[in-house]
């Protein structure tokens, strides 16, 4: 199966009303960022999980609270496989945890009244495991490879064909063209259903015939 809605609904209160799971496409991202991490993953990885509100953008919700370094080896292995820190060598990423720290302090603390740090990272991994984005795309004939390019609408439509909801694809302009670098998938606040992302980037030139490289 492509989607696994095995997530149990979670009890939520507080100001956020949905989550955006932002998944990075490492081949495209690392083509631009020249990632030191090797080998570059050939599947989508987590950029972040953002508690957000339909009517306003939420971030930097508690600048007085900090990320607590993670020491549990089992958790570190789970995070490294789903949420690798692409702009660091593996040892530095696991030791310094700079990107996890950044994402938690900017976004994760927006749900701290409901979920502590451990629960936040657990939710992130469960959401990542609930949707096989690469399988969705390839099943719908959107195949990665530098020799292939698609419009932003073709990429979005392939995902919507399965999820029934508009995703939030993001592209970066590089070397005279567009590279697919991320795709956002939105969940309702109890995580038991997908929803249309309230704010969509037009960086993939949606509604045009502009081609996007899905490297």
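The backbone N, Cα and C atoms fix where each Cβ goes, glycine too.
Around residue 47 (active site), the same-chain residues at least 6 positions away in sequence with a Cβ under 8 Å from its Cβ are 22, 23, 24, 103, 182. Residues or ranges marked as active site by TrEMBL: 47 (among others).
What TrEMBL records for 103 (among others) is active site.
The 10 Å shell around the Cβ of residue 107 (active site) contains 24 further Cβ atoms across the protein chains shown. Annotated active site per TrEMBL: 107 (among others), in sequence order.
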